[in-house]
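J.: Starting off with a structure, shown below.
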Amino acid sequence: MTVAKRTFDAVIVGAGGAGLRAALQLSESGLKTAVLTKVFPTRSHTVAAQGGVAASLGNSTEDNWHWHMYDTVKGSDWLGDQDAIEFMCRKANEVVVELEHYGMPFDRTDNGKIYQRPFGGHSQNYGQSPVSRSCAAADRTGHAMLHALYQRNVRANTQFFVEWMALDLIRNADGDVLGVTALEMETGEVSIFHAKATIFATGGAGRIFHSSTNAFINTGDGLGMAARAGVPLEDMEFWQFHPTGVFGAGVLITEGVRGEGGILRNASGERFMERYAPNLKDLASRDVVSRSMVTEINEGRGCGPDKDHVLLDITHLSPETIMKRLPGIREISIQFAGVDPIKAPIPVVPTAHYQMGGIPTNYKGQVVAPKGGNVNAPVTGFYAAGECACASVHGANRLGTNSLLDLLVFGKSAGESVVEDLNSGNLSLKPLPADAADVSLARLARLEGQTNGESVFDVGLDMRRTMQKHAGVFRFDNLLKEGVSQILSVAERAKRTEIKDKSKVWNTARTEALELDNLIEVAKATMVSAEARKESRGAHVRDDAPDSPEFPNGRNDNEWLKHTLWFSEGNRLEYKPVTMRPLSQDVEPIALAKRTY
Amino acid sequence: MSINRGRVRWQCRRALLELDLVFARFLERDFDRLTDGQLADLEDLLRCEDHDLWAMVNGSNPCEVDRWKEMIGLLSQR
């Protein structure tokens with residue numbers, strides 16, 4: 001079978017915030033840049049980001065990047081790499097101001113500066129009091145950001161391939177990345193995108209869980225492609241469960257609600273966060289809030305007939321404030337909880353929200369993997385940014401508003417690195433191996449010819465239920481062990497999926513089967529990595545690793561202050577050190593400490 | 001030229017979980033019964049921004065385009 005070939009300086013997979021920011025850097029540098037995306041760029045999941053983007057502008061309260069760096073390292077439970085965290089926090093003001101110049105309609109203060117509001121985990125003066133650091137555009141920050149970046153890309157002549165699904169990474173015998181194969185949904189034809197540089201910006205894979213805030217497109221395509229091509233996935237045991245998902249639907253209620261004064265209450269109406277986080281209360285870090293909520297439920301203080309949720313109360317705010325600052329939240333509550341939050345509190349539970357781990361990169365956005373004794377050897381021609389990547393700035397737990405910052409900073413950084421690597425002669429268009437498309441064609445042929453196979457829906461449902469039960473917000477050793485064998489069994493079934501519709505054109509059943517191939521890699525990585533890490537840290541909370549004088553919060557730095565690397569081949573794990581040294585010699589490392597709020 | 005149902009079905013994949021949940025119900029219950037005319041209306045509606053579409057579905061922003069109203073009605077049915 002002949003496979004068409006297209007050639008570019010750079011190919012980017014994914015057109016959310018990170019992909020668009022990277023594309024802009026390349027196109028404005030005059031490089032021939034292709035962006036592949038399953039859906040129209042402005043329908044990427046970045047649209048859903050409500051809260052804001054963190055930057056220590058200090059417009060509302062005194063602030064500086066050192067405080068932001070401290071909060072981020074502490075939030076990460078010291079698993080974040082301090083060089084990447086310094087880089088991100090120092091770059092924050094620059095990328096936010098840049099975005100403002102691209103036309104981003106940030107909310108304004110009365111004197112015309114960017115309005116900033118408080119957000120969970122962000123503080124003044126190294127944890128002393130909440131700070132206003134989040135720059136927002138009402139509760140549509142992600143939407144506004146995506147539109148500003150997309151329009152700028154159109155101006156820069158970025159070439160978009162819309163409704164194309166990338167299938168597999170192409171590597172040569174040296175392991176260099178040469179591009180991707182991709183399927184055009186409109187024709188069902190496979191093409192090779194041959195490029196000097198390949199950037200993955202495919203977002204997260206929250207759909208591995210049964211209860212998730214993620215849209216259906218979040219199927220971890222970049223992670224699946226990387227894993228199948230021999231690139232490890234880093235720290236995949238760390239998933240942030242957002243404290244406030246609408247009970248029964250998973251839909252997100254932004255942390256901004258608590259920033260504006262929302263209060264969590266148990267069945268007796270008590271503001272229970274006062275007991276768990278006396279200083280920051282309802283604005284404590286997300287995992288602290290999630291754990292507190294589940295503890296309330298587990299100890300019988302939950303609400304409703306089954307005592308299985310808690311309440312988020314904003315009834316004390318004026319209707320005008322709710323309508324002005326939180327217009328979308330009222331609509332979500334009415335549709336999915338049947339409650340008008342002006343009149344009654346919203347029923348909420350923790351729900352899977354954000355993946356801290358991903359494709360390992362350095363702060364430059366270069367993908368790194370162990371090679372020849374170097375645990376962080378760059379993979380030539382391969383870059384990643386945004387939720388699919390692990391820089392690692394979020395470590396074991398991400399702070400709200402640091403994700404939009406991550407995709408701006410590291411999208412730009414990945415783009416800059418490609419330009420630098422091209423200029424320095426480190427990148428070139430290398431010859432494609434003769435079998436460049438064979439893996440993808442074999443996957444499609446297998447799907448085409450499968451008989452007596454498994455239903456994509458059934459296997460997907462079993463994967464999501466297994467992940468929810470065995471690797472949820474609280475983790476237990478026996479459940480994790482069972483979970484490993486169960487998810488490996490589900491993965492075997494995923495190799496035999498069958499689709500009844502064999503048509504080539506706009507075959508959504510085929511697309512969903514291919515997406516499941518990616519999800520299952522992420523699910524295996526998550527379960528195996530979680531089972532192996534025998535401590536509690538950040539969002540990874542184990543019942544058998546509780547708070548103790550020897551191991552505060554269950555964290556064991558002697559044995560587990562290290563990054564997990566999961567390899568699909570052989571389903572094996574390796575580990576690598578956390579970078580505790582900041583980027584600059586004159587910046588002091590943030591010393592290990594117990595994480596309390 | 002007839003509208004490809006597969007294309008329209010794929011374009012019901014949205015950026016927001018809220019809309020995915022609404023469209024999942026709609027695809028299961030209503031989609032296969034749509035006439036070509038209704039399909040054309042739906043395809044037109046799907047060009048909307050997600051937040052705008054969501055606002056019409058949840059009633060916070062009334063639909064002002066006559067040809068979209070029938071589809072908004074189907075999507076809004078809980």
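Each Cβ is built from the backbone N, Cα and C atoms, and glycine gets one as well.
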J.: Pick the one from A:R275, A:R291, A:R398 that TrEMBL also lists for the substrate site with A:H242, A:T254, A:H353.
T.: A:R398
J.: Give me the CA-CA distance between A:G51 (FAD binding site) and A:H353 (substrate binding site), in Å, as a whole number.
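T.: For A:G51 (FAD binding site) versus A:H353 (substrate binding site), the Cα atoms are 13 Å apart.
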J.: Translate the DSSP assignment of A:H242 (substrate binding site) into the three-state scheme.
T.: strand
J.: May I have the list of same-chain residues other than A:H242, A:T254, A:H353, A:R398 whose Cβ is within 8 Å of the Cβ centroid of the recorded substrate site, in sequence order?
T.: A:G51, A:T213, A:Q240, A:P243, A:L252, A:E255, A:R286, A:Y354, A:G400
J.: May I ask which of the recorded positions A:A18, A:R43, A:V47, A:R286 is closest to A:H242 (substrate binding site) if we compare their C-alpha atoms?
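T.: Going through A:A18, A:R43, A:V47, A:R286 one by one, the Cα closest to that of A:H242 (substrate binding site) is A:R286.
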J.: Quick one: Cα separation, A:V47 (FAD binding site) versus A:R286 (active site, proton acceptor), in Å?
T.: 21
J.: Using DSSP reduced to three states, classify A:A18 (FAD binding site) as helix, strand or coil.
T.: helix
J.: Per DSSP, how many helix, strand and coil residues does the region 'Disordered' (A:531-556) have?
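T.: Helix (H, G, I), strand (E, B), coil: 5 helix, 3 strand, 18 coil.
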J.: Report, in sequence order, every one of the binding-site residues (A:A18, A:T254, A:R398, A:S403) having a CB within less than 8 angstroms of a CB belonging to chain B; if no such residue exists, report 'none'.
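T.: Qualifying residues, whose Cβ lies under 8 Å from chain B: none.
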